[in-house]
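> Got a structure for you, questions after.
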């Protein structure tokens, strides 16, 4: 087992990974005095319901710990009450609604007492209260703690459509991926979308898009993720596993950094939050927030942002497992985000005085 303070050894990385991380590093904004609040990333996680409050918290906190300026959670009122007790650093908006969990429950005992009103049972009405927030954000994470409640799912579909009109990057995970299985056209061709399926979710997506397992058996390991991305019209897909494979159907990367060996629930939420922060930094990079000598193209930096989020998460997992072993929990990854960043990218601000 690696020592918790030792960075992921360069000897364990492929030369391709070292080169890619060097490019990813260019997306990380330096800490300059002229910056003001919000410029280094405004991220919102849409998810969080009566039964699932940890997932949106882990995603939002990973984003915040990595370095985004403002981290929001948009969830149901019951989830909001709980999530607010986890951290005062997050901005929590109780704007989502779910259907009554039990028809037999007396009024006032449901997770969302006002769901008897059309105002809180019509997905269009609910979405109309969320969509105005989009102009204040850079990136959306959709899915952590979302659940499969029909009202939640329909509301999220409307928010996705609105976000697409604003060309907003979004990371879809967990039960948001169920939406894509049922309606692939929701993201098809939208190249600002990133899907992050685990093994089960990937198979569900592959089945929905008629991608056979035999493709992987006869070809290279990345055949299926590449085909899935192509079937979705260039959407970035990150296939999580022993190695993370990510592809938009044209360009494919393999993230071969060592990770931890414990597969506790919630580790994927650190991934979504980390990717979201890199996507926010990518936006600032292309808007010229700081000076760069040789600017990369937007089609190149999308994959680099996802690669960066994957690398951070794998290093968090490795560090946490080194300390906790089989007792590792998702919250242990949250505690390692900053160390993971330093291990992989070093002191990005060493040359800040030259900018």
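Glycine too: its Cβ is placed from the backbone N, Cα and C atoms.
Relevant sequence annotations retrieved from TrEMBL are reproduced here:
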DOMAIN    20-344  domain 'YjeF C-terminal'
REGION    98-122  region 'Disordered'
BINDING   145, 198, 199, 200, 201, 202, 203, 204, 269  (6S)-NADPHX binding site
BINDING   240-244, 259-268  ATP binding site
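I'd like these features described in context: how deep, what's nearby, how far apart.
Neighbours of residue 201 ((6S)-NADPHX binding site), defined as other CB atoms within 10 A of its CB across all chains, total 23.
If you draw a 10 Å sphere around the CB of residue 264 (ATP binding site), it holds 18 other CB atoms from the protein chains shown.
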> Select one residue from 145, 260, 268: among these binding-site residues, choose the one with the most other Cβ atoms within 10 Å of its Cβ.
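Comparing the binding-site residues 145, 260, 268, the most crowded Cβ belongs to 145.
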> Between the two most separated Cα atoms in 145, 198, 199, 200, 201, 202, 203, 204, 269, the residues recorded as binding (6S)-NADPHX, what distance in Å do you get?
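Site span for (6S)-NADPHX, by Cα atoms: 20 Å.
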> Select one residue from 240, 262: among these binding-site residues, choose the one with the most other Cβ atoms within 10 Å of its Cβ.
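Answer returned by the neighbour count: 240.
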> Report the member of 203, 244, 269 (the binding-site residues) whose C-beta atom has the most other C-beta atoms within 10 angstroms.
269
> Please tell me which one of the binding-site residues listed here (242, 244, 262, 264, 268) sits closest to residue 145 ((6S)-NADPHX binding site), measuring Cα to Cα?
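It is 268, whose Cα lies nearest.
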> Of all the binding-site residues given, namely 199, 201, 203, 269, which is spatially nearest to residue 244 (ATP binding site) at the Cα level?
199
> Using a 10 Å radius around each Cβ and counting other Cβ atoms from all shown chains, which of the binding-site residues 242, 266 yields the largest count?
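When each Cβ's neighbours within 10 Å are tallied, 266 leads.
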